[in-house]
Amino acid sequence: MALKIASSITGGIERVTNRTGVALLAGYTVLGLAWQLIINSIFLKYLQDSGIVNEATGMEVTTSGGFFGTTAPLSVLGIGAVICFLALTWYGVFAIRTINANTNRLNSNYLTRNIGYVLANSLLGGIVLTIVISVGSILLFIPGIIAYVAFLFVPFLIAIEDRGFIDAFRESWAMTRGNWLKLFGLLIIVFIAFLVVMIPSSMFLGPAITSVVGSTIGAYVMNFVVMPLSILMLGIWIEAFNQLDRNGMQA
């Protein structure tokens, strides 16, 4: 089946502009803020312990607790980062299944169905996909783009159809063949739309927020701009996935 770009966009937006989309957005925002806090804290803790900035600039780096940093040891922050990453991966599976089902209610079964198997394959598939795209991009830019487009649906096949990651790679390749250019076109459209929102937000909204609440809190507030865009993009890609899914399976 040929991909229809316009219906992928409109159908994808319709999938997430409802109560379910708002609920998923709330969950993603909370987890995203937690992840950002932990990563920022690790970075600041590293700078503080290493003294790199102190030696280079003479400025003291502190993690005084509060909204931007934490005084927890690096080992604790590392464990927190792993837990948060797993939680985000788990929630990603839940979000994909929920948006794919196109329902107005949250189903706890999407959180638990074969979750150990699905999480393991999601993590392994993500690692392999990152390596393939990275190697393709390093060797020559075009192979990296082809790999990204050809294996775009790997996470969806794993989450929605409970496939192993190797099978998901094979099926994604089969699903996308003949539609690489259209998928790349959709990717460009989504990317441009993302920039259209993010550039003005970074240039005008970000500084305005920072002037009121400070740079540290302002960095977190911008998370509320990024997350809705992420949910919209997820809906668009899931709509495209359903157009090309040869099995027509629904979670």
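Cβ from N, Cα, C; glycine included.
Any TrEMBL annotation is an automated prediction that lacks curation.
Feature annotation from TrEMBL assigns domain 'DUF7847' to 3-244.
What TrEMBL lists as transmembrane segment is 21-47 (among others).
The annotation transmembrane segment is assigned in TrEMBL to 67-94 (among others). Within its own chain, the transmembrane segment (67-94) has Cβ neighbours under 8 Å at 27-28, 31-32, 34-35, 37-42, 44-46, 49, 110-111, 115, 118-119, 122-123, 126, 155, 158-159, 216-217, 219-220, counting only residues six or more beyond its boundaries.
The feature transmembrane segment is assigned by TrEMBL to 115-135 (among others).
The feature transmembrane segment is assigned by TrEMBL to 141-160 (among others).
Within the chain, the transmembrane segment (180-205) has long-range Cβ neighbours (under 8 A, six or more residues past its boundaries) at 2-3, 5, 8-9, 145-146, 148-150, 152, 222, 225-226, 229, 233, 236, 240. Look at TrEMBL and you will find 180-205 (among others) tagged as transmembrane segment.
For the transmembrane segment (217-238), same-chain residues at least 6 beyond its ends with a Cβ under 8 Å from one of its own Cβ atoms are 8-9, 12-16, 21, 24-25, 28-29, 32-33, 36-37, 40, 67-68, 95-96, 99-100, 152-153, 156, 186, 190, 194, 197-198, 201-202, 205-206, 209-210. The annotation transmembrane segment is assigned in TrEMBL to 217-238 (among others).
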